[in-house]
Every structure is written in C-alpha cells, then in structure tokens.
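Note sheet for the following structure.
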Amino acid sequence: MNSGLTPSPSPAVAAAGPAGVPGSKLKFCRYYAKDRTCFYGDECQFLHDDQLGGIHGNGNSPLSLPGGGPAAVYPQPVTPVGSKKLDLAGLEAQRLAIPGLDGGAIPDTSLTDSYFSTSFIGLNGFGSPGEATYPRMQQRMTNSSSSPSLLNDSAKPYAAHDPLGSPASAMFNDFGGLTMSQRRKTPNPTASEFIPKGGSTSRLSNMSQSSMSAFSQALFSHPSMGGPTGAGLAPGMSLSAGSSPLHSPKITPHTSPAPRRRSHTPNPANYMVPTSASTPVTNSVSQPPSTGEIIQKATVGGTTYFYTDTTPAPLTGMVFPNYHIYPPTAPHIAYMQPKANAPSFFMADELRQELINRHLITMAQIDQADMPGVPAEVDSYHSLFPLEPLPPPNRIKTSNFGYITSCYKAVNSKDDLPYCLRRIHGFRLVNTKCMSLVDTWKKIQHSNIVTLREMFTTKAFGEHSLVFAYDFHAGSETMMSRHFNDPSADAYFTKRKWGQHDGPLPRQHAGLLPESLIWAYIVQLSSALRTIHTAGLACRVMDPTKILITGKTRLRVNCVGIFDVLTYDGSQNNPVALMPQYQQADLISLGKVVLALACNSLAGIQRENLQKAMELVTINYSSDLKNLILYLLTEQNRMRSVNDIMPMIGARFYTQLDAAQMRNDVIEEDLAKEVQNGRLFRLLAKLGTINERPEFQKDPAWSETGDRYLLKLFRDHLFHQVTEAGTPWIDLSHIVSCLNKLDAGVPEKISLISRDEKSVLVVTYSDLKRCFENTFQELVAAANGQL
C-alpha cells in the first residue's frame, strides 16, 4: 500500500506505536503487500493495514458529518498531547490525536504524495471541483502516468487552517471509514470490461462493494452535495464517468474506438429508441445533457466499475428519415458545378463516359485470326491486347531504349488482374544480378509512378524477349500524344525563307498552355523524382513519350527500371555507383519537359532554339517558371537535388492541393448519387422474379393469388400510373420514393386498385414488405431444393 497518514509533529504520536508494535511510526508501509506480508518483516517501523484495524476498529462512537450521515468510527478516549508514551494495554480506551480532527490545522508538510495515492480524489471522491483541493494532489495527478489529470481549473486552493467542520476535515473523516480490500485482483481476460469515458473525473478501484456503499451514504449526506451537482448525482448514483480503473483487465476494451470503427456502424434509429440501460430523457435539446446521463454499476473480478451508457440518449426534437435518403447536393459542390442541369439521381455524364471507356479498354480482346503474331499466352499472362501499333518487321530500333519495343494489355492468371506488358524485342538477359535493382523498383509505390510488378524472359513471341509487367491504367495517353501532336505548333521555331516575316507570337490561351497546368505537371513530376531519388535510383525515362496522362491532369511516369536492366554492367562492383550522375540527368530532362510544355513544341528544346524559347517563356509566363527552367537546364559544379526546386514552386503547391481536394469532393458527390442504386436494383430484381410467374409448385395461378396478388397491384402502382386524362404518368421520383418506403416498411397506407377497377385494397408498406419477403423466401427455398 502506498497511501496512509503522514506522521504528526506531536511527540506523543511520533513515539507511539500502533497495534502493539513499539517504535513504529504513524505512516503506512510502502512495502506491505496485499497478502499481508512485508518486505522487512517484523522489523518494519511503519503502519500496516492489520495494525490500522487495531487502532480504528474498536471504537463504537462514529463521527457524523455536518449533513448527518455516518462517518468513520474512532475510539472515544483522548490521550493528552503532551504524553510521550502510549499505554499499549489500554490502547482500546484511547484515541490518537490526529491533526485536523481536534481543531488543529493539517500542516502542508504532512500532506505527502502517499496520502493521495488512493483511488478517491477530491472532496466527494469523484473529482468534484466545488470544494477544497490540495496542491499536492494536483502534482500527484499531473505526474501520474496511468491516467490524465482529473482536476478542474476551478478548484479552490488549499487553506492553511481548516476547522473541524471544514470540508477538508470532513474528507479526512470519510477516508477513515474506508476498509481497503485485501483480495488480490488479477486480470481476467474473459470478463466483460467496463471502461468509463474520459472526463474530469476520478478513478474508482481497490475498494470492496460494501465500503463503497458506506462511503456513498456519507458522501450524499454531505452539505456539498446539496447544490445542483449533488441534485443530479444523488438520486440514481449518477456519477460522471472517469478514466479506466487501476485494476481493469489488461485487454483491449470492447468500447475501444478502433474495434468499434471496424465492427460497428452507427444507426440513427438507435438514437431515437431508449435502450434497456437508459431511461427516457424529458428535457429538450437545449438543456444540458448531463442531467440525462444514466450511470451503470457493475462488479468484475472484485472491482466495482461505474460507467455511462454508450448509447446516446434519445433527444426530443430530432427526427431522422426512415426511408428517403436522397439529400440535396452539398452547397460547396452546388456552387462549384459549372453545369446547372446536373442530374440529381445519377453521376455526371462526363465522369460516366470516362469510366465506361476505361472499362471497355480493360475488357477489350483481339481476334487471334486477324493477329496471329500475338501469342495467346505469355508466361502466366493471357488475353494479350496491343495497346499501340505493332512495329513493322523491318524496324531496327527505337530512339528511347535502343531496342524495338511493343506494349500489350494482359491478364495475369494468378490474380485475374490486368497488367501492362512492355516487351523488349530480341534481348537476351545474360546477367541476373540486375534483379536486385528490379526488386528495389518493385518496392516503390507512388501516385505519379507506374509501379513495376515483375520482369521475366520468354520465347513465346518466337525469339528471346524481355518483358516488364506494370500496373495497367486504362484510358491513359502519353504526353506526346496529348500536347505535342500538332505540327503547326513548331511554326514559330522553324527557319523562315528569305523575305518571309515571323508569324504572330504565341500567347497563353492562343496556342500556349495555361501556366497553372504547367505548374500542376511540375508538382507531380518533381514528386515522382523525389521518391525515386530518395530510394537511391534514377528515373532515366523523363520523356514526353514515357509520361502518361490519365484524366485531365493526372501524370504517371512509365517504363521505370528498363534502362537499369538494359545497361547493367556486371563488371562493376557497385551497380548504383553511377546513380548520382543519372539523377543529375533526370533534372536536366525535367527542365527540357517543362520548357517543351511552355513552348508547346518539342522544337523549343533543341540547342539552336533555346534562346528563342526562353524569350517566349519570359514574355508569356512568370519569372518563377523561367527561373525554374534555367535552374534545371544549367549545369553547375555542385550536386543538385530535386528538393532545390521546392522553394521555386512555393505556394503553388497549395493551389494544386486545393484543386485535387475539390476534385475529390465532386467525385464523392457523384458517388453518393449512385450509393442507393444497387439496393433499388436488387429490389426490382426480386420483384420481377415474383410478378407474372407462369407456374410455381404446379399452380398456374400462383402469382395471381394471396400475397403475390398484392405485389402485382403494387407493381402497377409503381409503373402503370395514369393521369386524369388517361395518359401515362412517368415520374422517376415516384418510383424511387415508393421503393424506398417498401424497403423500409413504413406504416404509410396506400390504395391498390385492381385492373378492372372493381376492387380497392388499402394496405401499408409494412404489409407489402412482409408479403414481399415471405414470397421471395419461398422462391429461394424452392430453388435450393428445400420445398
């Protein structure tokens, strides 16, 4: 035990030994275990729990609190303060002079940290800030590593002199009536754990249930509980929940945020119905919610826990929809939409068309009769589809890799996912040490890099070939085809004949790209280079033909790692020794790409046109863009880093981040429109399997009788509405609303009219839902052979 009373400066108390142990000081032993054993044995000079019972357990005159409640029991006779020794034989007829109980003040030096190591904090034992709080308790709780500080800033400072009837003395009396449990508590992983929510409260532990009840009686009879706080706590022991008890089982509680996020989905309906652990709240929403909190009490492993109900109490004035879940567009999306006639129930046509195109390309296949040169299977890949025109047979090499290359879309038979295969024609791999570089490339995951998945050799194409497998991004196009496919864009840099004058100077929005788009590309390309260089590699493919554009502005660097394999030199001891030089070349290549984008022409990066290209950049773009291009293209004596251009990008990075987040908001809004469509389609599919079924269980009229007849009339109510003039009434919102009401089973009544208009049936949606579920389950049972 680490809590007790500090020794009094009185000589009588200092010299007296409790429970027949002469010379022991009036202070709890720090080494006294719960199994009633002490580290120092009989030679211990401090107070033990069983000795405390010898002092306090023989009195029969309880001290009463000012409120009239029972308190601790102490011996009646009083020993004179001036005596040096206590008569051990007559100890039962004597009472120790404890400072604070006889009107004396409790010295500040006597209030050690060990005094406040019990589980009760504050006057009322639950961290109430309404009465005196000792400074050392604040230090104790602040230095505690097991729980946060539970004190309130409004706590009053400690007064030097406390009378007998003061709150401090009353608290001292309350502690005297406590009996500390001697039962050793061990963790119980199988027990249900009650973890109270955090708040400005205390911890309750190491107490028996009987002592808790005795303490609560004295507690609620105290005058300090007569205020508003006490009125809220007294009726139902409604104590504010505190932090986790000291001896709670050492297992993750079921109320932990992480497991609840994985296993629990909030249900608005639970907020409207009171649970068995709570009572209805009659106050309005504007009233403090603390008055409606219900404190639950449970004992686990001998430890008593108090916790609040985790289910939110029902609040009057809050009504959630029970069937209609199509809210209007969020205002931050509605005001940024350029189109006023945006669809309400479905995603935008532009996004839908883009997704459909990606799906078409992903599922595309070829006719093997028309392309016999494409094998049906390569290694573990099948269903090859060329993504670019196949090279002619007489083609020798390409300007990028020095070999003939071709690109295919294929499906991996191991995971049934589409991949992009880049084939290097006629290459024979003679040194497998380069696989270490390939493994390093496979570990790089970046949003602006096409990830390399594997590399293998094959003869499926009729010759030795090296194949690189990358992630497949359907619908992507190269930067070359997007921005540099216009021959007229090079007119500004072509030489004029004698007597011809230069054409008009290209301008932004009149032949040149917007500067914001160029900065968006710079941010993405520099981010990709930063990740590659940090991994100790070099891109070496910073070229418009190897940069993919997905959507409007999304960039990805393609074909990474190919140069590292094709140019691998096995004679070098360190294969990455030349990487710093390649990284410097990446920065120059990035500068050429940015200059070509600024000129909107590849002719601008030629050496003879550099001066003219920089003049074009100076006239049309900001000085920051010009300085960035000059920095990347100018060779310097020191080693440069891609991080050096970050100050040049500056606040434009935040502009790109803002644009990306706004784009994400628009896509999420489009996704929200499609969330319920799958559910409604399943309802229609089930309804279609029931209606107009020709025969079931040898009954031709099965779909025309019983519950099925109601569903048939409901189908007419959904789709066959007519106006007063007899013309068809087509309203999609009516269909969606009725299906949602059917799925929810609302008690709303509708009238179903037969086709001959001789019968009118008034039913509720809940009745229709019951008929719908029973009928469909009957069909499912028959399909599974259970009927």
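Yeah, the Cβs are placed from backbone N, Cα and C, and that goes for glycine too.
Per Swiss-Prot, the feature region 'Disordered' maps to 1-20, 131-162, 179-210, 226-291. Per Swiss-Prot, compositional bias 'Low complexity' is recorded for 11-20, 143-154, 200-210. Annotation source Swiss-Prot lists zinc finger at 23-51. Summarising the annotation, Swiss-Prot assigns motif 'PABPC-interacting motif-2 (PAM-2)' to 185-200 and lists a curator's inference as the type of evidence. Annotation comment: Swiss-Prot describes 265-290 as compositional bias 'Polar residues'. Under the heading region 'Pseudokinase domain', Swiss-Prot lists 365-650. According to Swiss-Prot, the feature ATP binding site maps to Arg422, Asp471, Phe472, His473, Ala474, Gly475, Ser476, Glu477, Thr478, Thr545, Lys546, an assignment based on sequence analysis. Residues or ranges marked as region 'Knob domain' by Swiss-Prot: 690-787.
Feature annotations (Swiss-Prot) mapped to structure.
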residue : record           : Cβ within 10 Å
Arg422  : ATP binding site : 22
Phe472  : ATP binding site : 20
Ala474  : ATP binding site : 18
Ser476  : ATP binding site : 21
Thr478  : ATP binding site : 18
Lys546  : ATP binding site : 21
Helix, strand and coil counts within the region 'Knob domain' (690-787) (DSSP): 49 helix, 14 strand, 35 coil
